[in-house]
Amino acid sequence: MELLKQRILQDGRCYPGGILKVDSFINHQMDPMLMYKIAEEFIRRFQDRKINKIVTIEASGIAPAIMVGYIMQLPVVFVKKKKPKTMENMLSTVVHSFTKDRDYTVCISNNFLTPEDHILFIDDFLAYGNAAMGMVELAEQSGAVIEGMGFIIEKAFQDGGNLLREKGIRVESLAIIDNLDDCKITVR
């Protein structure tokens, strides 16, 4: 997605350790017009799939997931990083956050992820694939079918994309970063 690539090159910032910061337009301050275009592109790429629910993980995946759900007129559910006291009948798994370097026990109500669901998982980044693999585990627990996974940005120099594709999951990334060596952003 050319508009997104240009925005990453213009406003993205690189930090040592393979970190790309896009907080000025994606995951802290958001550009709603760009987010709308991102949602339209995800919908275009997955138009051949029979999807009945959009799923993401809190927090940075919520905005693009809501946009996709709004346009497709589908419900959106997000996997929580902390179990609420009021949640019963939950599915859970452990996910490691690359950015925050910590483990989370993520959870989702089995009322909102069922064997009848054909889901599109949306998230901001695909790096090592930890959040996405957590979603795979939750889908397996629930019996839901993952129709595809859409990521705003994929870091191709980390293993997540290959891991998911090797599992036979349809992955669509709108911008692919080939490397961040010497803090120079190289977009495919």
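Backbone N, Cα and C atoms are what each Cβ position is placed from, and that goes for glycine too.
Copied over from Swiss-Prot:
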type	residues	note
BINDING	Leu20, Asn27, Lys155	xanthine binding site
BINDING	Ala127, Tyr128, Gly129, Asn130, Ala131	5-phospho-alpha-D-ribose 1-diphosphate binding site
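Within the same chain, residues at least six positions away from Lys155 (xanthine binding site) with a Cβ under 8 Å of its Cβ are Gly18, Leu20, Phe125, Leu126, Ala127, Ile177, Leu180. Cα spacing between Gly129 (5-phospho-alpha-D-ribose 1-diphosphate binding site) and Asn27 (xanthine binding site): 18 Å, rounded to the nearest whole number. Closest by Cα distance to Asn27 (xanthine binding site), from the binding-site residues Tyr128, Asn130, Ala131, is Ala131.
In the structure as shown, the Cβ atom of Ala131 (5-phospho-alpha-D-ribose 1-diphosphate binding site) sits within 10 Å of 29 other Cβ atoms. Within 10 Å of its Cβ, the residue among the binding-site residues Leu20, Ala127 with the fewest other Cβ atoms is Leu20.
Other Cβ atoms within 10 Å of the Cβ of Asn130 (5-phospho-alpha-D-ribose 1-diphosphate binding site) number 19 in total over all chains. In this structure, Ala127 (5-phospho-alpha-D-ribose 1-diphosphate binding site) belongs to neither helix nor strand by DSSP; it is coil. Sequence-ordered, the extra residues of this chain that approach the xanthine site, with Cβ no more than 8 Å from the Cβ center of Leu20, Asn27, Lys155, are Gly12, Ile19, Lys21, Val22, Asp124, Phe125, Ala127, Ile153, Ile177.
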